[in-house]
Amino acid sequence: MKKSINLRSLAAQAIEQVVEKGQSLSTVLPPLQHKVSDKDKALLQELCFGVLRTLSQLEWLINKLMSRPMTGKQRTIHYLIMVGLYQLLYTRIPPHAALAETVEGAVAIKRMQFKGLINGVLRQFQRQQDELLAEFSGQDARWLHPMWLLNRFQTAWPREWQAVVEANNERPPMWLRVNRQHHSRDEWLKLLEENGMTGHIHPRYPDAVRLDAPAPVSALPGFEQGWVTVQDASAQGCVELLAPQNGETILDLCAAPGGKTTHILEAAPQASVMAVDVDAQRISRVYENLKRLKMKADVKVGDGRFPSTWCGETQFDRILLDAPCSATGVIRRHPDIKWLRRDSDINELAQLQSEILDAIWPHLKPGGTLLYATCSVLPEENSEQIRAFLSRTPDAQLDGTGSTQTPGIQNLPGATEGDGFFYAKLIKK
């Protein structure tokens, strides 16, 4: 039964939901993957991620190949053609198979009358591919980012913006975090090799291992037993800087899906940890991660702007605030971000971050540490945010992360093999 489902039509429908309806791929894709065989799940993911990674190129090509855009209920055909173009450009699928399966996608979504159109457009691309790609190489769309975001990168990083964009357009590496409560990193690497896989360590983060070739978690030694967790190297930097200690009371704010909560408990198993997130659906992932790693934390649904509603007057020794942000540092992992975000979102997010910082600061004990982190590369959410906070908060000071003028540490995507991340470590006087 599962074999008869046309993957190209599923991919086209998923991409349409993202681009036209503003749904995130992480919401749209899993239900569709349940419809297909395990063997086909990876290809469905590749088609969806790949089209969203290269969307501006595929859009440009369709505009060149078609005299009129598909509108209304026929938009799914537009995205089906994109799926076909992506296969011809970026996969090893034989062209005849890519064409045949994409054309059959029209049958799967009951648009048989468009089979000839899809076939004609894709064959026209094959004939004109070299000249079309030569012309495309001079277009702004070649950067595969919306112009508003490209402009922000160029303003924020006049020397590095091109490297940032190129890193965003790459496939992400698969980083793991070894649970030091079970094995040292070197011990687990030996187990990995015994299972026919290889990886290498990160020079800065002591628990991080990068797989030389991505693998399903079911193949990782001890994954179900909690020996290892999938987490990018840059995200692991949060707990390294937070430096949690046994016996402390620690708050992980904006905690879902729980990767940093469990990392805190791996580093300080005798700490008392509260994990809070505003999203009741995503908080279930925190419970899942705690259960797999056999850990306990006080998990709550709560808004970071109103901490008294979920922690009363409690003060914490350490607070990790992984603030809601534009996620512009993790585009290589979530290419839909490029098309879901809007320029106006940035100021709105900066305002939200500011409100959370001001609200949570009174809940940090004197002498305590707050680590502010984002997976953004935009100064408005990062260094400018912290500079403004320091200027209005007399009892806050930086602790070894940057200077007063440019507070914090900014990792750009790919620069340390990890995602784009920002950290600022603050001490309450």
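We number each residue from 1, going along the chain as drawn.
Using the three backbone atoms N, Cα and C, a Cβ is placed for every residue, glycine included.
What you see is a predicted model, and the numbers here were worked out from it, not measured in a lab.
S-adenosyl-L-methionine binds Cys254, Ala255, Ala256, Pro257, Gly258, Gly259, Lys260, Asp303, Asp322 as Swiss-Prot records it, and from the list Asp277, Asp343 the residue named for this site is Asp277. Across the structure, Cys254 (S-adenosyl-L-methionine binding site) and Cys375 (active site, nucleophile) are spaced 13 Å apart at their Cα atoms. Between Gly258 (S-adenosyl-L-methionine binding site) and Cys375 (active site, nucleophile), the C-alpha separation comes to 15 Å.
Cβ neighbours of Asp303 (S-adenosyl-L-methionine binding site) (same chain, under 8 Å, six or more residues apart in sequence): Val278, Thr309, Trp310. A straight line from the CA of Cys375 (active site, nucleophile) to the CA of Lys260 (S-adenosyl-L-methionine binding site) spans 13 Å.
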